[in-house]
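Undergrad: Quick paste from TrEMBL:
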ACT_SITE  Glu102  active site, proton acceptor
BINDING   Thr25, Gly26, Ser27, Thr28, Asp80, Gly81, Ala82, Asp83, Lys93, Gly94, Gly95, Gly96, Lys120  substrate binding site
Amino acid sequence: MNTKKLAAERAVEAIEDGMTVGLGTGSTAYFAIEKLGQRVKEGLSVRAVATSKRSEEQAVGLGIPIVPFSEVGRIDITIDGADEVDRHLQLIKGGGGALLREKIVAARSDKMFVIVGEDKLVDTLGAFPLPVEIVPFAHEWTMDALKALHLNPELRLAEGEPYITDNGNYIADCRADSIADPASLHASLNAIPGVVENGLFVDMAHTVIVGREDGSIDTLAR
Ligand SMILES: O=C[C@H](O)[C@H](O)[C@H](O)COP(=O)(O)O
């Protein structure tokens, strides 16, 4: 069962004519963009902003109108994946490196719909390494500051070189094991000079749509 596709296609049912839509990034958001493209071909009228270059390219290829950020007041619904979701609908995101743009878009959205397969549900966040976007300048010092928080940061690499985000930054993947207080860790991380943003999405998800192996779909809402 493709649990990602199941959740993604259910989320797209919430998109209505005339809406402004935020397009997430990743293998689950991919299915949502495909489905939205299909609905646009069938006559749905929407405009969209994207959280990554690859999602924008996918949307453009499907004929989904992408509009400049300057023309968008509020986004009605953003649909995006996640790497972990806890029972309070707090999230870890950024496994695909898009966390900064995703957070900017989510913050501007009336509703953030998170789409996941059931394997992403956890009791406590932290088994998935927490991505932290850092500036390249003096990144060794930023890594030291992350180590001081006992986060065991590892610089993300791509073909042996630092992975570069769409924003020209690096990613430090941090192993916290168990994040008891996501809001507190979020504040500590973003207080470090050199940290641009981190992958904890605290109180941002409005609805989480979960695709299950048995073909059922659960909707969790705050
Ligand atoms: O940077 C990537 C995003 O936060 C993704 O939404 C997240 O990593 C989940 O990706 P996927 O749907 O591929 O598991």
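Glycine is no exception: its Cβ is also placed from the backbone N, Cα and C atoms.
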Undergrad: If you check the binding-site residues Thr25, Ser27, Lys120 one by one, which have a CB less than 6 Å away from any atom of ligand 1?
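TA: Correct list: Thr25, Ser27.
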Undergrad: C-alpha of Ser27 (substrate binding site) to C-alpha of Glu102 (active site, proton acceptor): distance in Å?
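TA: On Cα coordinates alone, these residues lie 14 Å apart.
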Undergrad: If we count other C-beta atoms within 10 Å, could you say which of the binding-site residues Thr25, Ser27 has the fewest?
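TA: Comparing Cβ neighbours within 10 Å for the binding-site residues Thr25, Ser27, Ser27 has the fewest.
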Undergrad: Between any two of Thr25, Gly26, Ser27, Thr28, Asp80, Gly81, Ala82, Asp83, Lys93, Gly94, Gly95, Gly96, Lys120, the residues recorded as binding substrate, what is the biggest Cα to Cα distance in Å?
TA: 16
Undergrad: According to DSSP, collapsed to three classes, what secondary structure does Asp80 (substrate binding site) have?
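TA: The residue in question, Asp80 (substrate binding site), is strand (DSSP, three-state).
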Undergrad: I'm trying to understand the geometry here, so how far is the Cα atom of Ala82 (substrate binding site) from the Cα atom of the residue listed as 'active site, proton acceptor', in Å to the nearest whole number?
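TA: Checking the Cα atoms of Ala82 (substrate binding site) and the residue listed as 'active site, proton acceptor' gives a distance of 10 Å.
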Undergrad: Of Thr25, Lys93, Gly95, Lys120, which binding-site residues are close to Glu102 (active site, proton acceptor), meaning a Cα within 10 Å of its Cα?
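TA: The binding-site residues close to Glu102 (active site, proton acceptor) (Cα within 10 Å), listed in sequence order, are Thr25, Lys93.
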Undergrad: Taking the Cβ of Lys93 (substrate binding site) as the reference point, list residues of the same chain whose Cβ is under 8 angstroms away and which are at least six residues distant in sequence.
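TA: Residues satisfying the criterion: Asp80, Gly81, Ala82, Asp83, Leu99, Glu102, Lys103, Pro131, Gly199, Phe201.
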Undergrad: Beyond Thr25, Gly26, Ser27, Thr28, Asp80, Gly81, Ala82, Asp83, Lys93, Gly94, Gly95, Gly96, Lys120, what residues of that chain have CB atoms within 8 A of the centre of the substrate site's CB atoms?
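TA: Leaving out the recorded residues gives Gly24, Ala29, Ala98.
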Undergrad: When a 10 Å sphere is centred on the Cβ of Ala82 (substrate binding site), how many other Cβ atoms does it contain?
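TA: If we count other Cβ atoms within 10 Å of Ala82 (substrate binding site), we arrive at 28.
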